[in-house]
Amino acid sequence: MDICAQKYGACVPNPVLEALGNNASNAESLVFPYPMMNTTTGPVFLGMTLGGVKTDDNGTVLSAKAIRVVYYLKESEANRSEVWLREFMRVFSENDTDFEMKLNQVSYFTSLSRQDEFEANSKKVIPLFSITYFLAIFFSIVSCLRFDCVRNKAWVAAFGVFSAGLSVLSGFGLLLYCGMPFAMTVANSPFLILGIGVDDMFIMIACWQQTKVQDSVEDRLAETYKEAAVSITITTLTDVLAFYIGIMTPFRSVQSFCLYTGTTVLFCYLFNITFFGAVLALNGKREESNRHWLLCMKVPTTSPAESSKAYSLCCVGGSYDPSTGAETEHPMNLFFKKCYGPFLTNVWTKVFVVLLYAGYLAASIYGCFQIKEGIDLRNLAFDKSYIVRYYDHEEAYFSEYGPNVMVVIPEEVAYWNRTVREDIDNCIGKFKNLSYIDQNLSVSWLQFYEDFAEKANININSQTSFIDNLMIFFRFFPDFKQDVHLSGDVINASRFFIQTVNINNAVAEKNMLTELREMAESCVVRLVVYHPAFIYFDQYLVIVNNTIQNIAVATAVMLLISLLLIPNPLCCLWVTFAIASVIIGVSGFMAFWDVNLDSISMINLVICIGFSVDFSAHISYAYVSNRKPKANDKAIDALYILGYPIVQGAISTILGVAVLAAAESYIFRTFFKIMFLVIGFGAFHGIVFIPVFLTFFGLCAKPSELNCEEKSRAEFQCRPNVELYNRNMVQFNNSNASLRHLNRSKMDPDCP
């Protein structure tokens, strides 16, 4: 009683229960209209109190399927009210089943529920991170396994994943220490960072494997940094820019996610070139002394006579390619060169790829027109949350009427002036004529007061008589007293209510909000429209424009980087084309996968740009940098260098977010869905569409220079040109280990 909001000395009652005398047995004998019921204190709207109502031709209630009971608490007793609410939720949660059995179905909701359940999402996803960590370590170790007990890099791969974990702790720790807000969407970030960190690790390992094993550890590490550091720097630059551009959005949740993720990517970069570099050096010391990867015991480099294959596999190691001095080549690179590349550049395969892309583009564009805006409030909680059942019941029984919107006059107005009152009445009349407003359910204290004055033959055209008679009016209709803020003889502010209808989707909510605000601005009197749900409706007004703006800015930045690093403007346009194609594909297939355009999916569309450029730009650069005269040969060589790294990087990133598919939250499942589309489409463009399209346009190729045979006759050697190619290749490397298998002696098979 002492913390409830009171009315006439008692807690604010439920109008239906009050009419029943708090006795359900009186229901059959009680007759009252719907949806507006007149009481002794004023009209009461029942649309939000009774649900699933059936009425007769006169509007009298015959039956109802649901009743909503609201218990209002005092704002002045905020601390005690919160304690009461916590206890209320505890009692209901512990006795939820009993309440359902006794009262059929009961759902409940408090002013704390939405925020509590939203924050609980992040706690429920924490156990999934351990699974992701295990998958990342497992995949990394498997990817780095070699049939050589010395060259095996299982421990290096494990520490690479550990390095990514350290970056998450450091980035999050720094920002939390600085007081940066932690939005629930940030909980997606560790899964993404893990994939990025593993990709960078693959680059470092790949470049290490290309060094000469007979060199000193210092020289091998210097050569690794010479090549890998540039590649990782470029990758970090594109990803960080994509995230920091996302900070421009007005959505705090998106800003928080982009800030935390962008900062953590920087830490990931620092740990890779420091901590992980030290791990590589220690591993190099082990390899230098030809020690076993697990036991650290010295092993022979050749198998003794009559030794078994198992012995040779487990106890003999340290082999390398004598012709290059580097470790032996990975079979997957040979697959892309000998099998996949020639198959993809076949004429009939190209025709099929063109038709496939046409189908992909058509489906994507169609999907873009089917995409829905807005977020269902049920999706802010995890699937089995009690508020999901509440929203289900609200939709089933109380969806006929939309928000009861407050129209506020936030300043002093001369209400006693007849002209001013007419202006206000005209504005209210215009609101009633809107398509989303029910004309018969609007409530205006001023109109009731004018009717009261007319019936009582009272003059209210002077300030004194208006204020004095207003006090008398409040005695008859005390409920209206809450709609007028009176200070002495001055009305500082007042409000009216209009009832919305036919608000059944995000488009209707957006149109309704737009119409109400436009109507408020057009009135002579300054008006403000408000409802607590407008905080969600507001995002519909800006989500599309902000998404397009962020994507356009990020794409322009990626194009600028491409122009700086790819020595061919036409190929830069191909990179931009690939980015646009991936974005269209992701946006279109979002609709097919039941993902709406909201602040959550907006985050992922910004990420889309950073990841799509990783796949397309480097394939284009590898193609344009190749000096072979035939376009097909250029495409095959580009796939030979980058095909396996793209696949490896795509798998590692998808594994980083795969466990989110099992999350009990729409937010995390949405993150997985869009990341899967981004990485899938990006990789497919990189190893299927772009290589084929590049072969159609010889303009993207550099003019062929003297081949090796001609240079040999001119007493030049081929090696310096290959080294020149390598130096150029380093300038724009793939974030998924484009230098992983860069074998200098085999960069141009035509060279001796």
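Cβ atoms here come from the backbone N, Cα and C positions, even for glycine.
Just so you know, TrEMBL annotations never went through curation; they're auto-generated.
Looking at 521-546, 599-624, the stretch flagged in TrEMBL as transmembrane segment turns out to be 599-624. Your range for transmembrane segment, going by TrEMBL and the list 154-177, 490-513, is 154-177. With a cut-off of 8 Å between Cβ atoms, the residues of this chain six or more beyond the transmembrane segment (259-282) that come close are 156, 159-160, 163-164, 166-168, 170-172, 174-175, 180, 182, 186, 189, 192-193, 196-197, 200-201, 204-205, 208, 217, 221, 224-225, 229, 232-233, 236, 239-240, 243-244, 246-247. If you look at the transmembrane segment (674-701), the same-chain residues 6 or more away from its ends with a CB under 8 A from one of its CBs are 192, 340, 344-345, 349-350, 353-354, 356-357, 568, 570-571, 574, 578, 581-582, 585-586, 589-590, 593, 595, 601, 604-605, 607-608, 611-612, 614-616, 618-620, 623-624, 626, 631-632, 634-635, 638-639, 642-643, 646-647, 649-650, 653-654, 657. The list of residues near the transmembrane segment (125-147) in space but at least 6 beyond its ends in sequence, with Cβ under 8 angstroms from a Cβ of it, reads 153-154, 156-158, 160-161, 164-165, 187, 190-191, 194-195, 198, 201-202, 205, 313, 327, 648, 651-652, 655-660, 662-663, 665, 668. Using a cut-off of 8 Å between Cβ atoms, the transmembrane segment (636-662) and the transmembrane segment (154-177) share fewer than three residue pairs, counting only pairs 6 or more apart in sequence.
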